[in-house]
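One structure below.
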């Protein structure tokens, strides 16, 4: 008995502590398992439920389901739109009131009141269906779906309700309208959750920002790709909804980029429009109308003063739908209308997706008041009219979300524990407490042993000074490693002091900002190995975007008209790309008359831009975001000449070998107002590199017109693009340069992508010919035609439409000295294009033999000579170029036409 007792005394309490550590190690995987309280659940419009880490925003898993809103894909007859956040209903157009209007009930309320009917004889039916599903919090795997037929023991027990509303009209056999709305069973979380974290989303896209409400610093961002409809947390074994604020995409970028953080003011229950006066801007509550694969939807959103709004009651198109005279639904007791009134667009626009006119930010609409739901009042609910009128203002919970004063928030103990230490639950805390007690006992034991043995060393006998120092360093590293992610890493310098930031071979001053982009991207002026560069800083979460952009830059930057890439460096929070430093953008070139242009004429700018684009297309790279802001001006070089480069490869797409199109599964690329129509049309086709040609056509007109857009003002720009209705008034003047430019721009802006020219064809267009090349072309054509019979196909094509080309009789439009000189040698037909070219060729060949008076009239060779004729006959060059296209493969005409593989070109527009 003595030996076992002695063995027990040898390792007590050290042996017991080691046994406990071994036991906890075996339980390690259970301690480290993901707990629901550590996750933030985000629902998106496509029906997916995403689980994010509350502290870092990392995506853990995604459960896919049916879309939140499913309705008509096209707004052709019925114009009912739904808000996926709460199921609110809006109607576009009634008999006497045009524009967007809000109905005083939601889809769930309409289902509760069904069956019911409106005063114009339209019957409403509704159906509600509840379901449960169970999700594994570790993997996101959906184990089963529960109905009333059975129960199971859940891990994450989530309820979802589906509401279906149908509208029937006895006067027509077809179903008038139907929609399906789904929402999670998640009551609003009590307390003030917004004081610890504030969540901001952008409408029309899936960008989610989580902000520290005390400092306004962005803790993390996550792009889910689809608009966010709800944010939830797990609290007391159930899903609870968290408030979030939806802002316009540009407004969200405006707030972040203007102050470097979300600087929103504290406020109470006042009007939203007046809350932001202290910010030198103004945010207004609007209604955003968007479109996803499941159909149109609406969402309340805050916008700043720079965002274009659709006015209240704006008539988008004349209505030719049926009349409903016997309607009792009234607006403010004066105007009458019905939510069942059919909305139709003009017959000329039905084939085109004119419903895109809806998309944008609308002023808050008026409310249609109706007695339809009073037949079946909803118990325990505020009246629909009262709730609808209050809904025009920002909910009070938003103002708590915007409260950014630094206070010591009183959090719920569960919330504070789960948010600060997402991996710890009640069992984990118990184990940690027990371990701490044992460690304390071990320390007391050592102290007692030290008191009993005065000669013992002060510290543990097996740790040297170096070992103790290493242990201290390891502990310090562990503290840094396990620092709360909500506390941003401190930079090694004070940004306000203007000291440079050095990351590898790149250095830059954070205060020297050159530009800002989407997704928190900044561009700084910096240095790379002694060379002045532009440093593009991207968020750490954008690693895939950085890698793709760098790969495309490395592959394409050997061309002088593509932005040059130098290197990439990675920091703890950001990625840094060193790029060629440019002096201005094309937008500044056009809109700033005082800007030094370094000898770059507008046509030279466009030619260099197309040269860079043709290089990208030859590498099977589609840029997908051409616009003036992405075309930069570099230089000047040693001769004082500038250079045009294409930049911003963030949306570029590398086409696989053997493919000429790309899909839109990852979203619609580009910038509104500069995107090709096929990117937005439904059903979507597989776009090709022709999308770049369309965007380039918009840029062409923007440059040649001095800043105008071919599709009008920004509010109606994308709708005009979809209708294929450009306004090229700035190029309508009957001059040589504008006639040639109009021909090219019109071809590049063709509605059908197959009708647009290739990049190689654009570069071969006469718009970019020098005066010497124009003169040589006319001479070569005239020489070639001398061998052709008068009634041959080539001469016939040249003489077709000659009446407009020679302006009835070209003899009448040349000077008297030249007329007299021409009559000295032979006769020329004034109505013949062939004879006009012959006269030009003869006078060019015998220029030195001409009388001084005639030479003075014609001007110097080649520029003055050719301009003498093209100014008098603006259509001559284009007409001749089209007529001679059948000879494009002849060696004499190869310099004037693109290669056969590049000859994609629509039929010539008849002039």
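From the backbone N, Cα and C atoms, a Cβ is placed for every residue, glycine too.
Confidence across the topological domain 'Lumenal' (35-426), taken as the mean pLDDT and rounded to a whole number, stands at 66. The feature topological domain 'Lumenal' is assigned by Swiss-Prot to 35-426.
What Swiss-Prot lists as transmembrane segment is 427-447, and the listing cites sequence analysis.
Look at Swiss-Prot and you will find 453-472 (among others) tagged as region 'Disordered'.
Marked as region 'Disordered' by Swiss-Prot: 479-504 (among others).
For 508-768, the entry in Swiss-Prot reads domain 'Protein kinase'.
The 10 Å shell around the Cβ of residue 625 (active site, proton acceptor) contains 22 further Cβ atoms across the protein chains shown. Residue 625 (active site, proton acceptor) falls within neither a helix nor a strand when secondary structure is assigned with DSSP, and so counts as coil. Positions annotated as active site, proton acceptor by Swiss-Prot: 625.
Annotation source Swiss-Prot lists domain 'KEN' at 771-899. Taking H, G and I as helix, E and B as strand and the rest as coil, DSSP gives the domain 'KEN' (771-899) the counts 89 helix, 0 strand, 40 coil.
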